[in-house]
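A.B. asks: Below you'll find the structure I mean.
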Amino acid sequence: MEFPETNNNPIITLSFLLCMLSLAYASETCDFPAIFNFGDSNSDTGGKAAAFYPLNPPYGETFFHRSTGRYSDGRLIIDFIAESFNLPYLSPYLSSLGSNFKHGADFATAGSTIKLPTTIIPAHGGFSPFYLDVQYSQFRQFIPRSQFIRETGGIFAELVPEEYYFEKALYTFDIGQNDLTEGFLNLTVEEVNATVPDLVNSFSANVKKIYDLGARTFWIHNTGPIGCLSFILTYFPWAEKDSAGCAKAYNEVAQHFNHKLKEIVAQLRKDLPLATFVHVDIYSVKYSLFSEPEKHGFEFPLITCCGYGGKYNFSVTAPCGDTVTADDGTKIVVGSCACPSVRVNWDGAHYTEAANEYFFDQISTGAFSDPPVPLNMACHKTESLRTLASV
């Protein structure tokens, strides 16, 4: 009786076993014990409000029922990310009252940039002094200070991360929009485009420094369609519009930034092979609500929900939550629209909770990620798994 031939090549057998083990490992979801976030108002859970001045109602009205310092009527994408891992909402690093840093910290502040801005708060139209270099410095101090508190003991020891959390944590980034905004207010579109390589190189340098402090899993958002925001449409009413009504040239700059950011993230993967980098195309997800709002259950995407006056219900002199005087002398509180749950634009520059939840639902699947890995598997090195699976 003849038996079928078997391939006893040890190299092929070992490759097969490694492939199976790796694929099994990849099916496990990540158990991030903490999240450390860096960015601007898209992910600021109250940092700017703690450092400078609070936001007035109706900010926060939908979910928190009070103003928390978030630039929305409710939760941000970073809040939904925390919820998805059963982690508490991130306390702002700058908040000295009631903060709990056990499961991470938020270093983002509204108005933050990658590079040092030319005009800083409290100057009129100023940007945050807590640009990315400063956020990195804050994180660098946070690590030893938090561990000193843990070692000292007492009631505060349980409010800071354990040492191993820093390597196992998820590191999220959403920054760059304000660098482009500052450029648009002071430079030509062509000149802003020319600043992009320096911006992404500066971003990369900070990511590498954060890596040197122990970070290993990076979740990086590109920037959104800034030309669809009503503050840009109001500032530059003469700009050519696309089919969605967005300012084409300004979105093209955002796309140029995103292209260069994706390139620099690819280079980071090569330079730091022990880390995992997921690049998230938040631009495409956000633009879908401007180009096809009804398809996704939204309406009037270009019109500000909490605003006053003008074609887009937005005026820089009548911001959300402010009190303004009408032409007839009547005092008017700039309040929310009737149904924020079906609106996209909250205050002219930021998004509603409903939009933020939609964005999270889309990006968490991995459909807009490079590599295409779901958020809950972002700790796995999918490039290695692909290589093994193809053996």
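Cβ from N, Cα, C; glycine included.
What Swiss-Prot records for this protein is below:
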type	residues	note
SIGNAL	1-26	signal peptide
ACT_SITE	Ser41	active site, nucleophile
CARBOHYD	Asn186	N-linked glycosylation site
CARBOHYD	Asn193	N-linked glycosylation site
CARBOHYD	Asn313	N-linked glycosylation site
ACT_SITE	Asp347	active site
ACT_SITE	His350	active site
A.B. asks: Name the one residue among Asn186, Asn193, Asn313, Asp347, His350 whose Cα is closest in three-dimensional space to that of Ser41 (active site, nucleophile); these are the recorded positions.
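C.D. replies: Minimum Cα distance from Ser41 (active site, nucleophile) across Asn186, Asn193, Asn313, Asp347, His350 lands on His350.
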A.B. asks: Report, as a single number, how many Cβ atoms besides its own are within 10 Å of the Cβ of Ser41 (active site, nucleophile).
C.D. replies: 25
A.B. asks: Using all protein chains shown, find which of the glycosylation sites Asn193, Asn313 scores highest when you count other CB atoms within 10 A of its CB.
C.D. replies: Asn313
A.B. asks: Cβ neighbours within 10 Å, counted over all protein chains: which one of the recorded positions Asn186, His350 has the most?
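C.D. replies: Its Cβ has the most other Cβ atoms within 10 Å: His350.
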A.B. asks: Which of the recorded positions listed here (Asn186, Asn193, Asp347) have a Cα atom within 10 Å of the Cα of Asn313 (N-linked glycosylation site)?
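C.D. replies: Cα filter at 10 Å returns Asp347.
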